[in-house]
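If you look up TrEMBL, you'll see E16 marked as active site. The Zn(2+) binding site annotation in TrEMBL covers H15, H19, H25. Among the features that TrEMBL reports, domain 'Peptidase M12A' is placed at 1-129. Here TrEMBL flags 169-274 as domain 'CUB'.
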Amino acid sequence: MPSSLEYLKEYVVAHETGHALGFWHTHQRPDRDRYISINWKNVMDEATASFMPFRSMLQAFGIRQISPRRIPYDYGSLMHYHAVAHAVRVSDFTIVPKELKYVTTMGTEKMAFLDAKVINDIYCLNACAGRRLRRCLAGGYPDPNNCNRCRCPEGLGGYDCSILQPSTCGAELHATDKWQTLTSPKGGNIDCYWRISVPAGNRVRFRLSDGEFPCSYGCQSYVEIKHKLDIRLTGFRSCCYRPKEDSISESNQIFVIFHPNGKMARFTLRYIRQQL
């Protein structure tokens, strides 16, 4: 259990509120073994129950049913523990993502897009009933507080999620057959959104060649890259760990999100068009 001092932190309040609203831990999902591994030897004995998969724990307590609601596994969910949560030795992981680039994405202190969507789906189901709804793109959904607008995955904006999320330092970029470089501004109180795209049928190959951020699990100051086909998912966030290998997008675009959160931070990204 968190200490009394930890309970004073806003993200702990938000996490525990998630439980009160009916959320289980993401890392306890029945399908979690497809996405993470648990290093049981490094988990504190008193925390074992918080790492057991749903069905094992529910059976232990005699509970027979769980919600059939299905959402993609999101490393950036507020309900996901960080990599050294409840560790016997903090020099070693308790949770290891199958895709190591997500190691500092786990343990975020803010609600993810899909967290909020599930809450709205359950508790605000009829908020827009009987109204003419706007068609939302890219996995967005009608805002229950303003049914004429869409709530969009981070990186997209506009009434229907059809444009790049506005920012003072982002841009639409296009990858070519030659390597190009995206260099961020030097942190501070800014938020930046870039979309790097290629023609349909191609992919974006990219690598984080440099970066400087305050290091923390959950990354409070970071660059995030969304390269999955499902843009609703949190991308991998880099603040301590920088992948050594190139990555390739699952579609013809990636989104680069820069949140220094008031800290001095920077990154350099190299990118090129990848033919299939």
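These residue numbers are counts, starting from 1, taken along the chain as shown.
Every residue gets a Cβ built from N, Cα and C, even glycine.
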Residues of the domain 'Peptidase M12A' (1-129) by DSSP state, where helix covers H, G and I: 50 helix, 8 strand, 71 coil
In angstrom units, rounded to an integer, how far apart are the Cα atoms of the residue listed as 'active site' and H25 (Zn(2+) binding site)? 10
Helix-strand-coil residue split for the domain 'CUB' (169-274), DSSP-based: 0 helix, 51 strand, 55 coil
H19 (Zn(2+) binding site) has how many other Cβ neighbours within 10 Å of its own Cβ? 11
Using the recorded Zn(2+) site (H15, H19, H25) as reference, state which further residues of the same chain have their Cβ within 8 Å of the centre of those residues' Cβ atoms, listed in sequence order. E16, G18, F23, W24, L78, M79
